[in-house]
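A.B. asks: The structure follows.
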Amino acid sequence: MVNQYSDRAHPRTLCLFDVDGTLSLARQTITPEFHALLAKLRTQCVIGVVGGSDLKKVREQLQIGSKDFTSEFDYVFAENGLTAFKDGTQLDSQSFIGWLGEEKYKKLARFCLRYISELELPVMRGTFIEFRNGMINVSPIGRNASIDERIAFEQYDKTHNIRSTFVSALKAQFPDYGLTYSIGGQISFDVFPCGWDKTYALRNVCLPGFSVEASKTASDLGWDAIHFFGDKTYKGGNDNEIFEDPRTEGHTVTNPQDTMAQLKALFDLA
Ligand code: M1P
């Protein structure tokens, strides 16, 4: 087997991180302190990020300074891994529209826009459907909401169940579409083919000489351990599938400070 990471203290240990609520606060930038800790961690083991957001947003949150952030992680997965980088180089991927087809997508988009048009919300902003490579992201309030409006919507949603009711309506309307609806953030939910959750990223972490086909453990992929850190690890959260996957050791965190504390306890980091 070719060992690509022989410069690390633990070359067969992979640490994967969710972004929002794990490496940074929701839609905010990673702190310089955590950025420096990740650089230290990278001397110990192999590191990667598995975000639900698209690459632009993950970059906004993880890039500090002018150095391209994709070169500061061994693996970067955006849109659950549908946009993937290994050692700073982009890998081939599938697309949501290619999988679903234009006609089915148009029916889905029309239903969502009609549904949103009839919602009674305290405020509504713009960009209700964001079309991405590996998924669509649907937001009842609109993705142009400010940070304060996001926080207010998240609270409102907790008592009015806007997103979960919307998802139930979509499931009832399109029972044969084979889609997963995942409420991973504050103001929206992601829609993608079943199986294209964050475990999709594991397809691309296979070391040379190993095969992802029928892999059941980290060692099937060539690793001693694959750690995954996420905040939404509960059933229905967008970190749940990869957290529960038998190939990973899951760690639930409550916020970026907690992630840092857990890393310091697990690895030899000051
Ligand atoms: O990473 C979690 C989620 O972050 C954003 O959600 P929201 O805008 O609702 O806070 C989105 O980018 C979403 O796709 C992603 O899953």
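Keep in mind that glycine also has a Cβ here, set from the backbone N, Cα and C atoms.
Note that TrEMBL annotation is computational and uncurated.
Since the structure is predicted, the reported quantities are computational estimates derived from the model, not experimental observations.
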A.B. asks: Going by TrEMBL, ASP18, ASP20, PHE243, ASP245, THR248 bind Mg(2+); tell me which of ASP224, ASP231, ASP268 is listed for that site too.
C.D. replies: ASP231
A.B. asks: Roughly how many Å separate the Cα of PHE243 (Mg(2+) binding site) from that of ARG132 (alpha-D-mannose 1-phosphate binding site), to the nearest whole number?
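C.D. replies: Rounded to a whole number, the Cα-Cα distance is 24 Å.
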A.B. asks: Please give me the CB contact count at 10 A for ARG27 (alpha-D-mannose 1-phosphate binding site), counting all chains in the structure.
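C.D. replies: Around ARG27 (alpha-D-mannose 1-phosphate binding site), other Cβ atoms within 10 Å: 16.
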A.B. asks: Measuring CB to CB from ASP20 (active site, proton donor/acceptor), give everything in the same chain under 8 Å that is also at least six residues away in sequence.
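C.D. replies: Expected: ALA26, ARG27, GLY51, GLY52, SER53, GLN61, GLY184, GLY185, ASP231.
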A.B. asks: Of ASP20, SER188, ASP190, PHE243, THR248, the recorded positions listed, which put a C-beta under 6 Å from ligand 1? Please answer none if none do.
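C.D. replies: The recorded positions passing the 6 Å Cβ test are ASP20, SER188, ASP190.
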